[in-house]
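Structure first, commentary second.
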Amino acid sequence: MSTNLDSASAFAAEGVLQNGVNPGWRVNADPPSTDETASTESPKLLPKREQWSRKVDFLFACVGFSVGLGNVWRFPFLCYRNGGGAFLIPYLVAVVLGGIPMFFLEVTVGQFMSEGGIGPWKIAPILQGIGYASTIIVFLLNCEYNIILSWTLYYIFSSFTSVLPWSNCNNSWNTPNCTTFDSKSPTNKSEVNETMAANVSATGLAANVTANLSGIMDPVTEFWERKVLALSSGVGEPGPIKWDLALCLLLAWIIVYFCIWKGIKSSGKVMYFTATSPYVLMFVLLIRGVTLEGATTGLHYYLVPDWSRLLDAQVWVDAGTQVFFSYSISLGTLTALGSYNKFNHNSFRDTFFFAIINTLTSLLAGLVIFSILGFMSVRQGVDIAHVAESGPGLAFVAYPTAVSQLPVAPLWSITFFCMVILLGLDSQFVGVEGFVTSVVDLYPRVLRRGRYRREVFIAGVCVISYFIGLSMVTEGGMYVFQLFDYYSGSRIVLVVAFFECITIAYVYGIDRFYDNLEMMFGFRIGPAMKICWCLLTPIYTLVIFVLGCISYSDLTYQRKLVTYQYPKWGIAVGWLLAAMSVVFIPIIFLVRYFSTTGTLSERIRYLTMPRLRRHQVRPTEDMDTVILEEEVHYHDLEAKLEGGRDSLLFEAHFSPEKTPQSTNDALLSENHALQDMEKKDLQNTSMLTI
C-alpha cells in the first residue's frame, strides 16, 4: 500500500490510544520489538525485527538445525549396540517424555516473548541464567561442530581423483604396517600383528596409552590418523597447526557467514536446499547399499530386536541423551527460531511434524549405514562388530572403507561427503544464528542500529570461533575436539532442560502459560503438555541425568591400535567446559537476589514477576503480579528508495508513568521530526511504501 507523509503521520498519531495500547498489535497479533534500555535513551531509528517469510520456513529451519550428523553417525550405532529394534522403545519413550515437550516449550517461549536465547527468560528473571547457560553451550558447540565440516571438506577435495588416496598403501604417509585386508585379498594377519607388536614396543608408548595388537592398520585409518589429522601422542603435545585443515576450517566459516549475514529471510531460502538435499543423497546411497552383497546381514543386526537389552539402564540413558541431542534441546537456538514466528503461528502443529521427520530420518540413516556395514562385514570376512563404529570413526573411517571397495569409488565418496556437509552445514549456520540472535536481542540498540552492525558482529563471532577452532586442527587437535564433544554439551543439557520445566511450570505458572498459548494459537491445547511440564518431563530429565552420572567414566580416545587415557588435567579442563555454562544459573540467581532490596519474601516475589509487554498480558491478569516493560513499537514507514536505502522504522515509546495524552504528544512531536527527514529523502522519489 502506498501513501503520502500526511496519512503516515495520521496513522502514527492513532497508534497510541486508550491506556497507551496500540490496537494494531491486536489485529496483526505480532508483538513489537523489545529494548530494555529504551527508557534511558532517546528514540532511535532501528530496523524492524525480522520474521519468517513463510510459515514453512520455521519448520525447515528446525529440521535443518536439529536433523544433523547425530542422526547419521550416532543413532544407528546406538540402535545396533542397544538391542536393535528393541532400542526404539526407550527411544520413543524419550521422544514422548522429553523431546516433544521440551521442543514445544522452547519454541513457544521464544515465540511468545519474541526474543531468542537470553531474553525470553525474563519470564522469570531470577532464573534468567538458563538463557546464559544455553547461549554458552551453543557457542562451544558451534566452535566444535565446524571442525567436522572442515574434515568433510578435506575428504571431498581428496575424492576428486581417479583412485581414492585411502584405498591403498602406496602413499607417502603409509607405514610398513599398512595392509589391505578383505576376503578377496587375504593377508597373513598373524605376521602383521607380530610386526606391529615389535613396532609398538620400539616406539616406547607413554603409560597412558594401552596397545591393542589384535587389529590391523588399514590404509583408511592411516589416511585419517596420519594424513588428515597427523595425530600426536596426546593432548599434552598439540604440535603445529595443520594448515590444510586450517584452510578448510576457514572455508567452512566463510560459507557459514554468507549463509546468515543478511538475516533469517535469506538464510531461510538457503535452508530450502540444505534441509532437503541430504534426503535425496540418502535415498541414492540407500538404493546403492541394499543392492550390495551382505546388505541384509547389516540390516539384520540393525533391526532385529534383542529384548533383554531393555533391562540395562544404560540403554535408557543412551536413548534419552540421543533424543535431547538430536532435538537440539537446551541450546537456546529453538527459542531463537521460535522468536521469528508470527505471534499467532501454530507451532503446536509444527512440533509433531518435526518429531515425525526427526525419527524417520534417524531410521533412514540407519538403513543407509548398516546396509554398507553389512557389505563391509561380508567383504572382509569379519563380524559386523568389527566394522560398526560411531561418531567420526563412522564418517571418516568405516564408510570411506566401504566406498573404496565399490566400483566408481570417487563418485560414491563425493556423494556421501556431500550428504554429510549438507547435514552439518545447516545445523552449523542455524546454531550460529541462534547465538547471534541471543546477543543481538540483548543489545538491540548497539547491534541492530545502523546498516552493517549486525553483519560486522556476525563476522566477529565467526573470526573468534575460527581462532578457537584452530586448537582443534593442530596435531593434537583431535584430543581437544573430544574434550569439547564429551563435556561441553552432553549431560549438561539435561540440567538446563530440568530448570526450564521448573521455570515454566512452577515459577511463571503453568496455567498462566497455557493462557498465553491460547492467546497465540486461538485455541486451548489439551492437558498432555501440562502433565509433562509439571511432572513427567522434569522427573525424566532428572532420572536420565542421575543415571548418566552414575555410569560416568573419564574420557578416553579409542584409536585403531591404542586407547588413549586423558591425563588428570585434561579431565579437569573438560569439567571446566561443562561447568562454565550451567554455573550461570546459580550466578544469575545470586546476583539478582543480592542486587534487590527488601525482605526474603519481597525479593523472591519481585524476582519471580515476569517482565512482559502489554500485548503479552492476559485480560484477566492481576497487574500486581507482572512488571510492564516499556513498549517499543514500529510504524511501518518503510522506505524503499532507488538508492537502495535501508528500511527505517519509527519507534514510539510508552512508559506506564506517562499519561496517554503526554505519550501522544511525544509521539506526534517525534513523528514530525521524522516527517521532516523523510521529505528530504523524497526529493528524489515520489512514493513511500507503508
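Residue 1 is the first one shown; counting continues down the chain.
Cβ coordinates come from backbone N, Cα and C, glycine included.
Unlike curated records, TrEMBL annotations are generated automatically.
According to TrEMBL:
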{"type": "BINDING", "residues": "G64, V67, N71, S326, N358, L423, D426, S427", "note": "Na(+) binding site"}
{"type": "DISULFID", "residues": "C169-C178", "note": "disulfide bond"}
{"type": "REGION", "residues": "22-44", "note": "region 'Disordered'"}
{"type": "TRANSMEM", "residues": "58-76", "note": "transmembrane segment"}
{"type": "TRANSMEM", "residues": "88-109", "note": "transmembrane segment"}
{"type": "TRANSMEM", "residues": "130-157", "note": "transmembrane segment"}
{"type": "TRANSMEM", "residues": "241-260", "note": "transmembrane segment"}
{"type": "TRANSMEM", "residues": "280-303", "note": "transmembrane segment"}
{"type": "TRANSMEM", "residues": "323-340", "note": "transmembrane segment"}
{"type": "TRANSMEM", "residues": "352-376", "note": "transmembrane segment"}
{"type": "TRANSMEM", "residues": "411-436", "note": "transmembrane segment"}
{"type": "TRANSMEM", "residues": "456-480", "note": "transmembrane segment"}
{"type": "TRANSMEM", "residues": "492-510", "note": "transmembrane segment"}
{"type": "TRANSMEM", "residues": "531-553", "note": "transmembrane segment"}
{"type": "TRANSMEM", "residues": "573-595", "note": "transmembrane segment"}
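Features as recorded by TrEMBL, highlighted on the structure.
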residue: G64; record: Na(+) binding site; Cβ within 10 Å: 28
residue: V67; record: Na(+) binding site; Cβ within 10 Å: 27
residue: N71; record: Na(+) binding site; Cβ within 10 Å: 24
residue: C169; record: disulfide bond; Cβ within 10 Å: 18
residue: C178; record: disulfide bond; Cβ within 10 Å: 21
residue: S326; record: Na(+) binding site; Cβ within 10 Å: 24
residue: N358; record: Na(+) binding site; Cβ within 10 Å: 23
residue: L423; record: Na(+) binding site; Cβ within 10 Å: 30
residue: D426; record: Na(+) binding site; Cβ within 10 Å: 27
residue: S427; record: Na(+) binding site; Cβ within 10 Å: 26
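Beyond the ends of the transmembrane segment (323-340), by six or more residues, the same chain brings 50-52, 58, 61-62, 65-68, 70-71, 74-75, 91, 94-95, 98-99, 102-103, 106-111, 113-118, 120, 131, 133-135, 137-138, 141, 264, 347, 358, 362, 430-431, 433-435, 437-438, 441, 489-490, 492-494, 496-497, 500 to within a C-beta distance below 8 angstroms of the stretch. The Cβ centroid of G64, V67, N71, S326, N358, L423, D426, S427 marks the Na(+) site; residues of that chain outside this set whose Cβ lies within 8 Å of it are V63, F65, S66, G68, L69, G70, A275, T361, given in sequence order. C178 (disulfide bond) falls within a strand segment according to DSSP. Rounded to a whole value, the Cα-Cα separation of C178 (disulfide bond) and N71 (Na(+) binding site) is 32 Å. Residues 62, 79, 82, 120-121, 123, 310, 315-316, 318-320, 322-324, 326-327, 329-330, 334-335, 337-338, 341, 347-348, 350-352, 354-355, 358-359, 497, 500-501, 504, 517, 520, 529, 532-533, 536-537, 540-541, 544 of the same chain lie 6 or more positions beyond the ends of the transmembrane segment (88-109) yet place their CB under 8 Å from a CB of it.
Contact check: the transmembrane segment (241-260) against the transmembrane segment (411-436) gives at least three Cβ pairs closer than 8 Å, residues 6 or more apart, which meets the contact criterion. In this chain, the transmembrane segment (456-480) lies apart from the transmembrane segment (58-76): fewer than three C-beta pairs between them fall below 8 angstroms, excluding pairs fewer than 6 positions apart. In summary, the transmembrane segment (280-303) lies against the transmembrane segment (411-436): three or more C-beta pairs, each 6 or more positions apart in sequence, are under 8 Å. 411-436 is the stretch from 411-436, 492-510, 573-595 with the greatest number of Cβ pairs below 8 Å to the transmembrane segment (130-157). Here the transmembrane segment (58-76) has Cβ contacts under 8 Å with residues 52, 103, 107, 148, 264, 267-268, 271-272, 274-275, 302, 322, 325-328, 333-334, 337-338, 340-341, 345, 347, 350, 353-354, 357-358, 361-362, 365-366, 368-370, 390-392, 394-395, 419-420, 423-424, 426-427, 430-431, 434 of the same chain, all six or more residues outside its ends. Nearest in space to C169 (disulfide bond), taking C-alpha to C-alpha distance over the binding-site residues S326, L423, D426, is L423. When secondary structure is read from DSSP and collapsed to three states, C169 (disulfide bond) falls in the coil class.
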